[in-house]
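Database features (TrEMBL):
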DOMAIN    6-127  domain 'Arf-GAP'
DOMAIN    129-229  domain 'PH'
DOMAIN    251-354  domain 'PH'
Amino acid sequence: MVDHNEKILQELLKKPGNNVCADCGAGDPDWASYNLGIFICMRCASIHRGMGAHISKVKHLELDRWEDSQVQRMKEVGNTAAKHKYEERVPPCYRRPTKNDPQVLIEQWIRAKYEREEFCHPERQSYLSGSMEGFLMKRGKEDSRYQLRKFVLNENEDTLKYHVKEHKEPKGILKLSELNVSFAPAKIGHMNSMQLTFIKDGSTRHIFVYHEDPEVINCWYTAIRCAKLHLLQVAFPSTPQSDLLLRLPKDFAREGWLWKTGPRASDVHRRRWFTLDNRKLMYHDEPLDAYPKGEIFIGHESTGYHIKVSNTGNGCKEARFPFHLVTPERTFCLAAATHEDRAGWLSVIQQTLKRPLTPQDSTIEATLVRKRTTSNSISIFSGRWDCFLNTPMTS
């Protein structure tokens, strides 16, 4: 039999805002923080519990016994009123997590709201200053070892630099305006890790970093986003902020293993790690490679880009679900290991094909096409030079 207080809680859940988790937006929350007066999901409840009862007191809506005073607190506050208080001054550049986001992002969002109260006290938002210095563990380009490196962010210079030795010249200089950053816990194998992706000498370069303190790695992530937004506001002063926010760093649309073969019938299938970054589909030998083996630009469907799906065998035992990505220059023959995996790739590529091109997309397309043309020309020249060297000389 449902007691009186449980009935009241179930009625409160029906109020607007209370039917989703106050922190990540997941539907049908079945937990609550009764001192904060909010309804939350099980995942967020575990984070609340980890902060300690002096910050948040957590109970299950049905399995725990509720006192009248605790129910009264839930009546007085609720998710909507709590958001007005604890999210009053969230910076536009701050990434508000959703239910499927990495643990570090959700945890630091919750701790920023209730433990540090960053959005009630803007002076605590150190990531808005446009500059940051600190040490991160960085993966080597040629090996898998992580070494301590000093990183320096400077919004005024549009740079993120890293140093092998603290007081020496920087080993690398990344342009903030061309940098993408994403959390990468599954790939790197560390909960507090990020992948930095940028252009170096005309090619995409990946850097993998982590820090033992989740607050530190989240602060770096947010500082990069905020600096990029400020740079965009300077470069495009008349563009609405809502449009500029769409150009801030995003997680990769999809990553995973696919099998790829060349354009000739005799070419064998090779297993590659594919990453879709905006309109760039990159493939690598391994997930943590510093450089991709190749990059495919995915343009708009109106300019000759499209997908062809085949349900017949492709001769690859490991991946029996083929599809073709057709570009104006070439058709790429790909295959997934399962029907579900292929469906996932088809979905994200189709969405990309339908999305309108931006001026920045056109610049990337021109760069990749020029790079591919140059590479092909070098290959042809090398082949002809080999033929010349192997041709016997006649007197």
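Glycine is no exception: its Cβ is also placed from the backbone N, Cα and C atoms.
Curation plays no part in TrEMBL annotations; they are all automatic predictions.
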How does the domain 'PH' (129-229) divide up by DSSP, counting helix, then strand, then coil residues?
23 helix, 47 strand, 31 coil
Please give the average pLDDT for the domain 'PH' (251-354) in this predicted model.
91
Per DSSP, what is the helix/strand/coil residue tally across the domain 'Arf-GAP' (6-127)?
54 helix, 11 strand, 57 coil
